[in-house]
């Protein structure tokens, strides 16, 4: 057996999301040892090659091995659905069909095309010329590959002014300045990180068209591997028209977005602050939940982090007879885990859960908390194989201090969206109405992982919220969609990203830990994982 070793730097540029390992952030530096073995039997090598047979389950040639090797035979209903989407929806049609939620997963290479049509969109489709004539844009993110990003813009938009908002670290600044040196249309805006171990983790786009302004809030880095075979979450606003007044949405979206942008205190963002003020956001029906670095006190304590989520749920849920929901389960799903303390009550089930369980009135009940984080087996059998684990930077040092966390952990599973093997980089938090998992009370998609750095920790006898990182997400509340709950199983179903109810870890399941060696079994490409070799 031949072994081919690849350096950490080549992996970062080619296959994984990797940066210097810090506490409570999405980052890692590693080495993978790759063995050239045959692809294991659990991988369907034809998954990207098979066509859909037009006769579906009624096809008389299903006993012919040559025919079945070339064609999949869906049930009648699924076959009809496949025919419907084989016409391929345009980017504009995809957004129209996503109403009223406008929530998407990223398209995934290697799954049947019909699962990439409904409520799924690519970066090129987001930036397509079909949406109008682009004037300029801004991209907020954690990791950038500038050449890749520019290739996603239509050729006629690539010379338009582009602002890159990034973390203010020496490595980030040097790398991005080098990448951008050939592109005079690009301006850089470093985000101040005044508190140690903080990151600029926000993932957001401003797209200014001749017809108005669009905001996109998502979970993907602007690097090729994040948009190929991972599960990412994306919310796309309407194109908000220019207005002569300060028209606001019923969710205070404009105010909250401006509050967030002001925290950068950046000259480069003044144009965008003015532009946001000049546009009509009244058609937006989601709430912004963001985090910005600092020690927030007084009137600002509820503006950011988990206290912003708590305050928004309290003010807007407006449930009738909300006592019936006191024990309704809460789910958190994420791609990284920070240091949470020596026991669950240190922060998770005390401070953080208090925000997540907030209803119209306070409840002393402690609802069940289920946390979804990939197992080693989830990573091994994923489309990317062990390389996917580079974007799941939970490290051994942190994990060993909180072994209690495994009692809350559940597997990643998304069969109904055909994304069980598309490793999750999406982050979501939600609450169902009861243990039947048929309806949602609310849903949040965000850049924020499970960490105090992202969500904040209370200090000074609960008078101060300390946050290290920039994060942003959008919260869906039924009231803002003229509903009492979000159904999951009817014609107006909310497009939930994964299967419910979550499947609890079995005794043999282990959470993926990025700096552990995995050599017992090869992954879906016949490779092993050794960060120390």
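Heads up, residue numbers simply count up from 1 along the chain you see.
Cβ atoms are placed via backbone N, Cα and C, with glycine included.
All annotation found in TrEMBL is predicted automatically rather than curated by experts.
Positions annotated as active site, nucleophile by TrEMBL: 201.
Look at TrEMBL and you will find 425 tagged as active site, proton donor/acceptor. Other Cβ atoms within 10 Å of the Cβ of residue 425 (active site, proton donor/acceptor) number 27 in total over all chains.
Residues annotated as substrate binding site in TrEMBL: 203, 427. Long-range Cβ neighbours of residue 427 (substrate binding site) (same chain, at least 6 residues apart, Cβ-Cβ under 8 Å): 219, 233, 333, 334, 335, 445, 446, 447, 448, 449, 473.
According to TrEMBL, the domain 'PBZ-type' annotation covers 50-73.
Marked as site 'Interaction with DNA' by TrEMBL: 451.
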Local Cβ density at residue 201 (active site, nucleophile) - other Cβ atoms counted within 10 Å: 30
Cβ neighbour count within 10 Å of residue 451 (site 'Interaction with DNA'): 27
Candidates 201, 203, 425 (recorded positions) with Cα within 10 Å of residue 451 (site 'Interaction with DNA'): none
Residue 203 (substrate binding site) versus residue 425 (active site, proton donor/acceptor) - Cα distance in angstrom: 12
